[in-house]
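A short write-up of the structure that comes next.
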Number of protein chains: 2
Amino acid sequence: MIDCGEGTQMQLRRSKIRFTKLRAVFISHLHGDHCFGLIGMISTFGMLGRTAPLHVYAPEAFEPILQGQLDFFCKGLEFKVEFHAVDTLKNDVIYEDQSLTIETIPLEHRIPTCGFLFREKPRPRHINREMTDCYEVPLCQLNNIRNGMDWTTPEGIVIANERLTTPADPPRAYAYCSDTRYIPTLHELVAGVDTLYHESTYAEDNLSRARLYWHSTARQAATVARDAHVGKLLLGHFSARYEDETCILDEAKQVFENSWLTNEGLVFDV
Amino acid sequence: MIDCGEGTQMQLRRSKIRFTKLRAVFISHLHGDHCFGLIGMISTFGMLGRTAPLHVYAPEAFEPILQGQLDFFCKGLEFKVEFHAVDTLKNDVIYEDQSLTIETIPLEHRIPTCGFLFREKPRPRHINREMTDCYEVPLCQLNNIRNGMDWTTPEGIVIANERLTTPADPPRAYAYCSDTRYIPTLHELVAGVDTLYHESTYAEDNLSRARLYWHSTARQAATVARDAHVGKLLLGHFSARYEDETCILDEAKQVFENSWLTNEGLVFDV
């Protein structure tokens, strides 16, 4: 989960995602609309009997605040909340497992803020079942073959992996750029990602306001997307002054065609 | 406002109540579902430019928690949040103005908890316009007459107030009894109120669970309502185990007929 504003636990319930699937929360910065929902969500997990640890990645100033809330409101919690302080000024890998790395993306907002870049690791190749059947490859070898091994038949003939498999799907990448003013070099860090979320609080009609409050316009978000050659751009964090965000979408599309407005509950493929 | 769980600011917006009309929040106890929404609501008020003070009445342990959140998340707030520590063990008048008194109602829950009793002060009588016109009472005197004064005509004839007015509406009273186990003497404190909210987390099928977690059943809530001779009983805080709360309502109605299930967004007259 990236960011956790007030009401996140209600949205999570509506989305029908099982609460137990959530292992980590990444907080981009300590404004209320990005973190006020965490303590309520943790409390609810506690009441539902969660036992698996929950990892929280956030700017270090959040640790004493969260700990104070946990001590007061969540006595006897039966799972660990493990806090990981994030340096918002560095582009670092802060998480890695078998299938994924997660990097911080330094951003420029009124307070320390970073984005997060999720990179899938190279994925296994697809078995060509007709060929493995034909060469009578035993089931226990299929994982090795997915991972690129050739197959040697009992007669000693080597079958090249390329004959037994088709190429893996390309690994996917998703970059989430939370509240930030326009950063002309940001495209270097998010180059080539499949999906880029970039805030666009305003359209260009409010460019000076965007500068004042350290936010971005739709044109600026789309410029990052274009310069980074991303697959698609998701726009969000719209100012309440726009009753209809079509102007934001239109402005972005003029710079980067594959732009989309996000909204509560919408689902996008990465 | 009584209690302020997560998401309250969203509900307040949906209810179309103007945010500026809210002057005080009364927190019954420090479980998250009764107070996690306060900091978000205060933040939003700040961003909307509120200047009028907001009064918070709550158990005293809340003060350092709230202050810590305000210091970190609401720097430069342009209105005062005035904290009033409430002694949950006493039945005290904690608020009084021209039209209203508010008393604490000691309750019995796992942590210090109280309810709140809102009593309207005696209201002015209604002007009988035909009579005041007939006696040519000047407009500037009508408030005095509403408040019970007789009228002396220029000729010196005293007209009794009862001839110029009809009786005032009886002052209303609303008692909110937050999370609590059944208290056999509670009816004494809420005797005769027009509307009583009393939690009924469970029906009698979960009586032992109600005891264990310091909650009440519908029959117990209705017993308080019956013994206190209230006008109507509002039931709420239902356990998630009841998919359909009809059994809770039916159980209450067997003891006290004028019982109602509450739900988000429902509006009741006091």
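Note that Cβ sites are derived from N, Cα and C of the backbone, with glycine treated the same way.
Curation plays no part in TrEMBL annotations; they are all automatic predictions.
Feature annotation from TrEMBL assigns Zn(2+) 1 binding site to B:His29, B:His31, B:His109, B:Asp179. Positions annotated as active site, proton acceptor by TrEMBL: B:Asp33. Under the heading Zn(2+) 2 binding site, TrEMBL lists B:Asp33, B:His34, B:Asp179, B:His237.
Overlay of TrEMBL annotations on the structure.
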{"residue": "B:His29", "record": "Zn(2+) 1 binding site", "contacts (Cβ under 8 Å, 6+ apart)": "B:Pro59, B:Thr88, B:Leu107, B:His109, B:Ile111, B:Pro112, B:Thr113, B:Cys114, B:Ser178, B:Asp179"}
{"residue": "B:His31", "record": "Zn(2+) 1 binding site", "contacts (Cβ under 8 Å, 6+ apart)": "B:Ile111, B:Asp179"}
{"residue": "B:Asp33", "record": "active site, proton acceptor", "contacts (Cβ under 8 Å, 6+ apart)": "B:Gly5, B:Glu6"}
{"residue": "B:His34", "record": "Zn(2+) 2 binding site", "contacts (Cβ under 8 Å, 6+ apart)": "B:Asp3, B:Cys4, B:Gly5, B:Ile27, B:Ser28, B:Ser178, B:Asp179"}
{"residue": "B:His237", "record": "Zn(2+) 2 binding site", "contacts (Cβ under 8 Å, 6+ apart)": "B:Ser178, B:Asp179, B:Glu199, B:Ser200, B:Thr201, B:His215"}
Cβ-centroid neighbourhood (8 Å) of the Zn(2+) 1 site, B:His29, B:His31, B:His109, B:Asp179 excluded: B:Ser28, B:Leu30, B:His34, B:Leu107, B:Arg110, B:Ile111, B:Thr113, B:Ser178, B:Thr180, B:Trp214
CB-centroid shell, 8 A cutoff, Zn(2+) 2 site B:Asp33, B:His34, B:Asp179, B:His237, site residues removed: B:Asp3, B:Gly5, B:Ser28, B:His29, B:His31, B:Ser178, B:Glu199
Local backbone state of B:His109 (Zn(2+) 1 binding site), from DSSP in three classes: coil
Secondary structure at B:Asp179 (Zn(2+) 1 binding site), reduced by DSSP to three states: coil
